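See structure below.
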Amino acid sequence: MIDISGKDIVLREAIAEGFIKLKKDTIEKITKREIEKGDVIATAKVAGILAAKKTHELLPMCHPIPLEYINVEIEIENDGLKVVSTVRAHYRTGVEMEALTATSIALLTIWDMVKKYEKDEEGQYPLTEISKIRVVSKIKSYG
């Protein structure tokens, strides 16, 4: 890890988003809460929050950051689900990796919970796709 001891402790915020493309039937099942494994949206939100807290354990060069706020929102769209994660902390380094981790794990949780409905006759996933994972914004505030 790099030495951040000389940096000021300031408010850090990062927002990351990502998308999972799903079959229309699967989206309908999610909306109607008909997924056998449970409430997809609630489970993915919790998974994202837990993942953000574990980022430093997953990424070898990440600092353990005392996170003060994590929010994972999931929006149902026509062709899939969009995940938006917001993370905040007062610390010496940014929280982009925590926001990206929250988003990524929420998306993987969605895939895991709906994979039964996404497979074709041969057990493949011809439509399912995770994409557009990115940092939407990053704030470093001295105020």
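Glycine residues also receive a Cβ, built from the backbone N, Cα and C atoms like all the rest.
For reference, Swiss-Prot has these:
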- Asp112: active site (ACT_SITE)
- Met61, Cys62, His63, Met97, Glu98: substrate binding site (BINDING)
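Mapped onto this structure are the features recorded in Swiss-Prot.
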| residue | record | DSSP class |
| --- | --- | --- |
| Met61 | substrate binding site | coil |
| Met97 | substrate binding site | helix |
| Asp112 | active site | helix |
Pairwise C-alpha maximum, in angstrom, for the residues (Met61, Cys62, His63, Met97, Glu98) that bind substrate according to the record:
13
Greatest C-beta neighbour count within 10 angstroms, which of the recorded positions Glu98, Asp112:
Glu98
Using the alpha carbons only, what distance in Å do you get between Cys62 (substrate binding site) and Asp112 (active site) once rounded?
26
Please report how many Å separate the Cα atom of Asp112 (active site) from that of Met61 (substrate binding site), as a whole number.
27
Quick check: which same-chain residues outside Met61, Cys62, His63, Met97, Glu98 lie with their CB within 8 A of the centre of the substrate site CB atoms?
Thr55, His56, Leu59, Ile65, Thr93
Could you tally the C-beta atoms, other than its own, that fall within 10 angstroms of the C-beta of His63 (substrate binding site)?
15
Least buried by Cβ count (within 10 Å) of the binding-site residues Met61, Cys62, Met97:
Met61
